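S.K.: My questions all concern the structure below.
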Amino acid sequence: MDTLFVEEVAASLIREFLSRKGLKKTYVTMDQERPRSDLSINSRNDLRKVLHLEFLYKENKAKENPLKTNLELITRYFLDHFGNIGNNVTQETRIPELSVPKKSNKLPLRSSETTLVNIYHLADEDETWRTSLSEISKARHDSLDGDVLGHFVSSKRSSHKSRPIKTVAGESPTVASAWEKTDKLPMSEPSLDTKRMGEKVRPKSGLIVRGMMAGPIASSPQDSLRKRSLRRSPALSSATQPHKEGSPQEPELSTHTSTCPTPLEGPASSTASTSRSPQGPLSELTWEKQRTSPGSPPHLPGKGLLPRGSGRWRDLSEDSPAVDSGSEAIRTPPKFSLSSGNVPKTQERPERAFERQGSQPASLRKNQLSVSNKLEGDLDVLQLEDVEDELVREEIILSPVSSVLKLQVVSKPIDLSVAKDIKTILFGSSFCCFSDEWKLQSFSFNDSVSLKYGIVQNKGGPCGVLAAVQGCVLQKLLFEGDSSADCARLQPSNARRTHCLALAIADIVWRAGGCERAVVTLASGTQHFSPTGKYKADGVLETLILHSLTCYEELVTFLQQSIHQFEAGPYGCVLLTLSAILSRSTELVRQDFDVPTSHLIGAHGYCTQELVNLLLTGKAVSNVFNDVVELDSGNGDVTLLKGISTRSDIGFLSLFEHYNVCQVGCFLKTPRFPIWVVCSESHFSVLFSQQLELLRDWRAERLFDLYYYDGLANQQEQIRLTVDTTQTVPEDRDNGLVPPLELCNRTKWKGASVNWNGSEPIL
């Protein structure tokens, strides 16, 4: 994650605290000593979304004395959940890091060589963690206390609440002596990767006895390609076995160790080569490529499935890359050992992708074997892993099978010539810059319960881009996916609408690239060239990285990892516009224009028809009629006016057609989905229906409902219009008092009456 971005988010947290507490002088002083940048967040809602504090915010609002600032919410969260851990665990307990919602809450324990057995009961997240004395005495002679990571036992829960582990009071002298012996081990500080991999382990729901194995399970070759749950950690060994009083033993050295597989070319390439691709985080995104549904079997690498009672991987979720043990691990028979030990992960484990930010600093790649290097030569330990079968859908993401290659993404920083060309296409001159309305506009959603599907517009200007994206998001919400009820489609969860936003952006840029390629522009926070000559810097274009993809599925995967930049911003609207232009290419965009000197952003930062057409149809043509119109000037010169060449997914209606200024063709007026971008009074908004039959069955057009959404109108409630085509309205009626939206509506349904159903008509 970019350090500069982290600093700006932290500074925004402090500014919000000072503002809400009325510390005006301190607030002004901070602005003077640390001025804001383009990455600063000025909206409390945006700040909550960036830090994923929506759950804590809603929980706080329900309290009698709610806290006023996000900083206090975070502070109370830490105090409530981690303030008393020190009373229940040993002195080496580490303070957990702040976790993102739906990600692992680390609850570290010191590694031990005792035979203490922890039993976790997670059937109900509101029950506390319990330890059974009877199970301890039963399993002391043959169980392991060291976890697979050597230092940490983590559990992931969908709730934001964590409970401390209750340890057994009055440990025996044997247990105490084992603690002392563990302290004497030359253990190095766990690496960052080891800490992260601690998030991946979660006990099974129900009663799990750690360290007790159910035995090996025979599996078919097909299973071995799907799940390598039973495998030994290559080149790693466990710590020494626990010493019994009066009979000290020297640990035996393992005589058989497996080696790390050599990275292979093609589909069988190992994760080591993938995680160390020069493209950094881009290549790692393949681990997040496949999502699963509750009914689909998880395709995990492993030797077979373990019984339900064995230890299991909990976190096959948004931050869990696959672990491919390689062909060597398949050929090596498992060696069973009950020696206690700390078995860190192998070097094959890729660095976890920063999916919400879409980037990963190279500095985070550290040696993943810093712990294991101190322990070589000890006994090998069979690593028990299993698959969680009771996960919530939003937390599930399938690890890819071995046939899935890494993302084929070509990335390069923008250069001066490309930036000049883009500005000329956008503004007509390379001296123009994006206005603040454009820079601060992203695709953040409405917080109102009845308008959760809606994208909020801060100020005028980029309304054409927002309306086009809104239409594509509605297409995904209403007519794709498995939402069974209309109300569920229009009241999506945060994860669902974010997913639909990523799909909508993917459709827009893929369509602009002729369904053959796409270019996604992302801000890096670092200036890549020095502006010289006839070019004026705006702080946005100079920081872009251009990511080119030629596969739609990989494009969707890539956007799901980087959707944070589009949704939370601050340049989401700019990034999408530039992505569409570069996907189409500046040369083809210029060829789409009727006049080569046209541009996509007009006066006062308004969107032109060319820009809206580019987002809706993939071509930046200047007109809305069908096909091409030839104009003969009379002297033999023929001027070609380019229109819409094919039927569009999202439609378009214009008030200009009511005034006979233009004519909207049937390719836009009758789209594939009943969603229309409406141009009225130099502003773009959206009109849509939930009935797909409206465009397929003429009988559905007799009486139907349309929903209207305007992201700029500070709309608080859903506006539903009932259109009746059986009751016609005279066209000679005084148009001065007729809402423009009704006039736009009648360009599609001639003379139809419109009932606003109690909503105030928008004039």
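Cβ atoms are placed via backbone N, Cα and C, with glycine included.
The annotation phosphoserine is assigned in Swiss-Prot to SER143, SER220, SER224, SER296 on the grounds of similarity to another entry. According to Swiss-Prot, the region 'Disordered' annotation covers 154-368. As annotated by Swiss-Prot, compositional bias 'Basic and acidic residues' applies to 180-202, 346-355. Residues or ranges marked as compositional bias 'Polar residues' by Swiss-Prot: 252-261, 357-368. Annotated compositional bias 'Low complexity' per Swiss-Prot: 267-278, in sequence order. Taken from Swiss-Prot, the feature active site, nucleophile covers CYS463, and the record attributes it to similarity to another entry. Taken from Swiss-Prot, the feature active site, proton acceptor covers HIS683.
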S.K.: State the three-class DSSP label for CYS463 (active site, nucleophile), counting H, G and I as helix, E and B as strand, and everything else as coil.
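M.R.: CYS463 (active site, nucleophile) sits in a helix per DSSP.
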S.K.: Taking the Cα atoms as reference points, how far is the residue listed as 'active site, proton acceptor' from the residue listed as 'active site, nucleophile' in Å?
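M.R.: So the Cα of the residue listed as 'active site, nucleophile' lies 7 Å away from that of the residue listed as 'active site, proton acceptor'.
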S.K.: For CYS463, HIS683, listed as active-site residues, tell me which one has the smallest number of other Cβ atoms within 10 Å.
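M.R.: Looking at the active-site residues CYS463, HIS683, the Cβ with the fewest others within 10 Å is that of HIS683.
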